[in-house]
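Student: What follows is a structure written as structure tokens; I'll ask about it next.
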Amino acid sequence: MALFLLCKTPTDFFNGRKVAISLKPAPPVHHALRVEEGQILKDMTVIKAAEPQTPGETAWGAPLVWGDSQKSAFQRDKFSEQGVSIGLLILVVGTYARFVRPFLSSAEIHFLPNQMVTYYVFTDNPRTLDPSIELGPLRQMKVLPVSELPGWEGLAYRRMVLFAEAIRDSIGKEVQYIFYADVDQEFVGPVGEEILGDLVATLHPEVFGMPRNMFPYEDQEVSAACVEEDEGDYYYTSEFYGGSVSQMSRLARDCSLLILQDQANRVTARGLEESYLNRYLIDHRPTCVLSPEYNWWDSPLTARVPKKRLVSFGRQCEAFDKEKKERQNC
């Protein structure tokens, strides 16, 4: 397939015009920005000092959610009266099996504890879940076997396709809302009904409050994830996102098409799945934006937050130096 050196939005591809439109976890932001670590820390520290603390709304009127705000309390009250069903999708393959029990145990305590939650566990080794994990009365687990996905690149190429097919074939008929979370995380604080919305994205904690030109968007003109210099409001993490069944079905389907298009063209976006997610969310702005409380880890770049609610140990390890990685068994 020929490549056309243009950076266009996914809409061009879906409308049939010839445009250019490649997956390991998204690299640490200081790597993606392609500058020396010492310099970026110096420059970003100055920017961080002036970052906004807790803005409550985006420029297009979507709520920017902080868990302890009055708006969040109102949202929790509203949904607690009616009750909803939520699916929480996690992918457990290879060595990531060691994270699944701590993740699920923390979700049982903190993730929408008063609602009906189904854990959908995509795994290449169902025996990882033996013996069975004890769940609360409103919770259930469904295991969806997948073939082995060698390495992060194979995982990133397949993940959105797996989700799109599962939502279409079964999950979409069983719940009202769907969230995806990387399994190498733990809930450490309450995550309630304030997160529910049609299309929900979470702000990346290492670039929150920084100017647009610091965002590590994809800049290869041949990639479907390419973002022009005048595009983009925020940079979102791929560690935690969700929404209604219809919106998540569309997101997974459209992102998987872009990934497959780049794969056919032998292009790899540097942020992998996160690059395609950000491209999609530029073209389809979220109706609910979660603050970095809902995806946090400790690094010199992460934003200060009033409360940590979901902590990423995978990204935390990326932020460690070699010696500390060895001590922490990263």
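Each Cβ is built from the backbone N, Cα and C atoms, and glycine gets one as well.
Marked as active site, nucleophile by TrEMBL: Glu274. TrEMBL lists Tyr96, Asp182, Val183, Asp184 with the feature UDP-N-acetyl-alpha-D-galactosamine binding site. Look at TrEMBL and you will find Asp182, Asp184 tagged as Mn(2+) binding site.
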Student: Output the one of Asp184, Glu274 that, of all these recorded positions, has the highest number of other Cβ atoms within 10 Å of its Cβ.
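Tutor: Compared across Asp184, Glu274, the most Cβ atoms within 10 Å surround Glu274.
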Student: Measure from the Cβ of Asp182 (UDP-N-acetyl-alpha-D-galactosamine binding site) and count the other Cβ atoms within 10 Å, all protein chains considered.
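Tutor: That number is 21.
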Student: Rounded to an integer, what is the Cα-Cα distance in Å between Val183 (UDP-N-acetyl-alpha-D-galactosamine binding site) and Glu274 (active site, nucleophile)?
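Tutor: Rounded to the nearest whole number, the Cα-Cα distance is 16 Å.
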Student: Between all pairs in Tyr96, Asp182, Val183, Asp184 (listed as UDP-N-acetyl-alpha-D-galactosamine binders), what's the biggest Cα distance, rounded to the nearest Å?
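Tutor: In whole numbers, the farthest two Cα atoms are 10 Å apart.
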Student: Taking Cα atoms as reference points, which of the binding-site residues Tyr96, Asp182, Asp184 is nearest to Glu274 (active site, nucleophile)?
Tutor: Asp182
Student: If you take the centroid of the Cβ atoms of Tyr96, Asp182, Val183, Asp184, the listed UDP-N-acetyl-alpha-D-galactosamine site, which other residues of that chain have their Cβ within 8 Å of it?
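Tutor: Residues close to the UDP-N-acetyl-alpha-D-galactosamine site, other than Tyr96, Asp182, Val183, Asp184: Ile90, Leu91, Val92, Phe99, Val100, Phe103, Gln185, Gly314.
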Student: Count the Cβ atoms, other than its own, that fall within 10 Å of the Cβ of Val183 (UDP-N-acetyl-alpha-D-galactosamine binding site), considering every protein chain shown.
Tutor: 24
Student: Just to be sure I understand the packing, how many Cβ atoms besides its own are within 10 Å of the Cβ of Tyr96 (UDP-N-acetyl-alpha-D-galactosamine binding site)?
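Tutor: Step by step: centre on the Cβ of Tyr96 (UDP-N-acetyl-alpha-D-galactosamine binding site), count other Cβ atoms within 10 Å, giving 19.
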